[in-house]
Structure formats: structure tokens, C-alpha cells
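**Q** One structure coming up, written as C-alpha cells, with questions to follow.
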Amino acid sequence: PGQPPASIAEFTLGDTDFYDVSLVDGFNLPIVVKPVNGKGNCSSVGCDSDLRPNCPSELALKSDGKTIACRSACNVFDTDEYCCRGTFSSPVSCLPTNYSRIFKTACPVAYSFAFDDPTSIITCSSTDYVVSFCSSRNQNQTQCTNHGKNVTCNGAYGLKSLL
């Protein structure tokens with residue numbers, strides 16, 4: 001995983017691929033994963049919204065007065081409830097919090113907390129993937145495409161400065 005706060009695209013590739021975009025460790029940029037020509041429950045996942053402008057002030061990571069990332073409640077408060085550990089380490093006891101609901105509302109097909117599996121993890125087989133950074137609404141976005149074991153990324157033409 002990346003250094004929190006970080007938006008993370010996660011893949012387990014095999015006969016059946018499992019993939020998701022996770023905001024469990026926070027948010028620093030929009031990421032969307034789109035399967036291409038796959039079989040099974042193949043659908044796009046991720047977040048094409050910028051959570052930084054609406055990040056709760058207590059979660060905001062700032063530089064020069066600007067929010068550059070949105071930390072997770074676990075990262076900020078470090079409690080068992082927010083981190084889904086200890087007595088909160090099961091899907092029955094670790095439930096969405098007000099903070100994870102903010103992430104989920106903005107990004108309904110991204111992981112917002114540790115046990116957000118039902119709406120966030122997707123399976124697919126025999127597919128390629130396009131990973132888009134900084135919003136699918138941006139015409140000049142950076143895209144990475146996976147064909148077999150080769151990952152190719154275009155230029156960073158559409159990346160907006162985070163600072």
C-alpha cells in the first residue's frame with residue numbers, strides 16, 4: 001500500500017480477477033478502474049470525484065492552506081472502532097462511520113471502510129483494464145492500460161496540481 005493518505009487501486013489477478021479502489025487509507029486523487037472486454041461481473045470501480053474540497057476539516061491534510069489530501073478517520077483518530085481492529089475486527093462489529101459515509105456518498109463504488117466488500121470489490125475474468133487518474137471527466141487524463149503483463153501509461157497531460 002501507499003503512504004496514507006492515499007487512494008489505492010488494488011488487483012488480485014488470476015483465472016478470476018478481483019479488483020477495487022480503496023479509500024480506506026484516505027484520498028489523494030481520483031482513480032477509476034475500467035475493465036475492457038471481460039467476462040463475469042465486470043464493472044468500473046473507483047472514484048472520479050475530488051473529495052478534497054469537501055473533506056471534513058479534522059481529516060484534511062493541508063499544505064500552504066490548501067487541502068491536498070483527505071486522511072482516513074483511522075489515520076487521524078487511531079481508535080479500534082475507526083480502524084476495524086480489536087473488538088471491531090469483524091464485519092458484524094465494524095460498521096460504516098459518519099466519516100466513511102462521506103467517502104461512500106461521493107464515491108459509491110470505492111471502498112470506504114475495511115468491510116465495504118458488498119458494493120466495492122468486483123470480479124472479472126479474461127479482461128484488460130484501463131486505470132484513469134484524476135477523473136474520467138477530464139479529456140486529457142493520464143491512463144494506464146494493462147494488456148497481459150504489460151502496463152502502458154500515456155503522458156500526464158491532464159493532471160492538475162494538487163498544491
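In case you wondered, yes, glycine gets a Cβ from its N, Cα and C as well.
Sequence annotations record features per position, and here TrEMBL assigns disulfide bond to Cys42-Cys124, Cys47-Cys107, Cys55-Cys70, Cys74-Cys83, Cys84-Cys94.
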**Q** List, in sequence order, those disulfide-bonded residues among Cys42, Cys55, Cys70, Cys74, Cys83 whose Cα sits within 10 Å of the Cα of Cys94 (disulfide bond).
**A** Cys83
**Q** Between Cys42 (disulfide bond) and Cys70 (disulfide bond), find the distance joining the two CA atoms and give it rounded to the nearest Å.
**A** 29
**Q** Please list residues from the chain of Cys74 (disulfide bond) whose Cβ is under 8 angstroms from its Cβ, counting only those at least six apart in sequence.
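**A** Within the chain, Cys74 (disulfide bond) has Cβ neighbours under 8 Å at Val24, Asp25, Tyr82, Cys83, Cys84.
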**Q** Write out the long-range same-chain contacts of Cys124 (disulfide bond), meaning residues 6 or more apart in sequence whose Cβ is under 8 Å from its Cβ.
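**A** When sequence neighbours closer than 6 are ignored, Cys124 (disulfide bond) has Thr16, Asp17, Tyr19, Pro35, Gly38, Lys39, Gly40, Asn41, Cys42 within Cβ distance under 8 Å.
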**Q** Taking just the CA atoms, what is the gap between Cys70 (disulfide bond) and Cys47 (disulfide bond) in Å?
**A** 13
**Q** Compute the C-alpha separation of Cys107 (disulfide bond) from Cys55 (disulfide bond), stating it in Å without decimals.
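**A** Cα-Cα, rounded: 13 Å.
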**Q** Hey, does DSSP put Cys47 (disulfide bond) in a helix, a strand, or just coil?
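**A** Going by the DSSP assignment, Cys47 (disulfide bond) falls within a strand, counted as strand.
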**Q** Fill in the CA-CA distance, Cys47 (disulfide bond) to Cys55 (disulfide bond), as an integer in Å.
**A** 14
**Q** Mind giving me a neighbour count for Cys84 (disulfide bond)? Other Cβ atoms within 10 Å of its Cβ, every protein chain shown.
**A** 20
**Q** Over all shown protein chains, what is the count of other CB atoms within 10 A of the CB belonging to Cys83 (disulfide bond)?
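**A** Total other Cβ atoms inside 10 Å, all chains included: 19.
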**Q** With Cβ-Cβ distance below 8 Å and at least 6 positions apart along the chain, what are the contacts of Cys55 (disulfide bond)? List them in sequence order.
**A** Phe27, Thr67, Ala69, Cys70
